[in-house]
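Working notes, structure below.
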Ligand SMILES: NC(=O)c1ccc[n+]([C@@H]2O[C@H](COP(=O)([O-])OP(=O)(O)OC[C@H]3O[C@@H](n4cnc5c(N)ncnc54)[C@H](O)[C@@H]3O)[C@@H](O)[C@H]2O)c1
Ligand SMILES: O=P(O)(O)OC[C@H](O)CO
């Protein structure tokens, strides 16, 4: 029986713990607050994050990294991206062996704009990690915890390690695919949150399905444009971590990013919205990061740019939509994309 240490007792860490527990793993989950540890261990619930869900008894919570990590063959990181580097620094002090590290967070580090796997590679010495794998795709914790059919993708530069994680998670309700394009999977997962904010904002303004379909389609184009420029495989964005996650996040009532965008579209100030959510909304910081990366790399990302102006410079959302609609004429198919496709095929 494998032991998995799960770092992060929020919605996603808990939902993935249920998948692992269903698969017979011993799951040790790290929670910072003693009352949450007690709730998980004695009531078998995590009410704040997954109301009405009963947790399997083989999920045990601990308030210390040492206890969680002891003997774990796998460490699953399910934290808000902004908390990961600090958490890794604490965790690594207590790590005395060499597990496979899996992360499932969808964002870029504030200020450095690094991917999560890059942070892990910097903070966890090679002697303390067997490899790094990302798990991503269209998957809301609320549905995974109810064992509703879900598909995800796990990616690692070494296919064998992705397959090992596929074996760990796959079951009748949770179908896992593999990919070796870790960069593309991380970029797709992080940047779809920007477009989901935009889709929520459009709905909040009262625009219709045409507007949302436009945002999703052209949003995917700009995600792929940046991703390919950074070195991703173009077809990754046609997969679960690309269009798949974009669909679920832009259309689901569960999405925190969509809900945040919706409230802003309805005229609520960003700070007020974030405070009232009580859960992480990765797309806000990721908008800033992607905007800066696009500027540095001279990649055109019009939706991201307008959203950046709305979120951080007080631009009116309606004006942002008008400016997007009034852009110069362009061809749908970019010759640059054809060049990139030719490089791969
Ligand atoms: N919720 C989902 O449906 C879902 C699905 C796929 C991916 N994700 C991604 O998973 C990541 C985590 O999201 P979530 O939904 O679980 O967030 P959440 O807000 O539900 O929970 C975050 C948890 O992290 C804990 N935490 C914060 N800082 C910490 C620190 N320094 N050390 C230890 N614990 C800390 C919080 O106490 C909380 O328990 C995000 O990147 C998100 O995009 C979420
Ligand atoms: O609720 P969101 O918007 O953070 O999205 C959660 C997942 O990333 C959906 O796949």
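From the backbone N, Cα and C atoms, a Cβ is placed for every residue, glycine too.
Keep in mind that TrEMBL annotations are predicted by a computer and have not been checked by a curator.
NADPH binds 11, 12, 32, 33, 49, 106, 256, 280, 282 as TrEMBL records it, and from the list 141, 224, 232 the residue named for this site is 141.
Among 192, 305, 315, only 192 appears in TrEMBL as part of the sn-glycerol 3-phosphate site alongside 106, 137, 139, 245, 255, 256, 257.
When the record's sn-glycerol 3-phosphate-binding residues 106, 137, 139, 192, 245, 255, 256, 257 are compared pairwise by CA position, the greatest distance found is 16 Å. According to DSSP, the secondary structure content of the domain 'Glycerol-3-phosphate dehydrogenase NAD-dependent C-terminal' (181-321) in residues is 114 helix, 0 strand, 27 coil. Cα of residue 49 (NADPH binding site) to Cα of residue 11 (NAD(+) binding site): a distance of 5 Å. Mean model confidence for the domain 'Glycerol-3-phosphate dehydrogenase NAD-dependent C-terminal' (181-321) is a pLDDT of 97. Between the alpha carbons (Cα) of residue 32 (NADPH binding site) and residue 257 (substrate binding site) lies a span of roughly 25 Å. Checked against residue 137 (sn-glycerol 3-phosphate binding site), the binding-site residues 12, 256, 280 differ in C-alpha distance, with 12 being the nearest.
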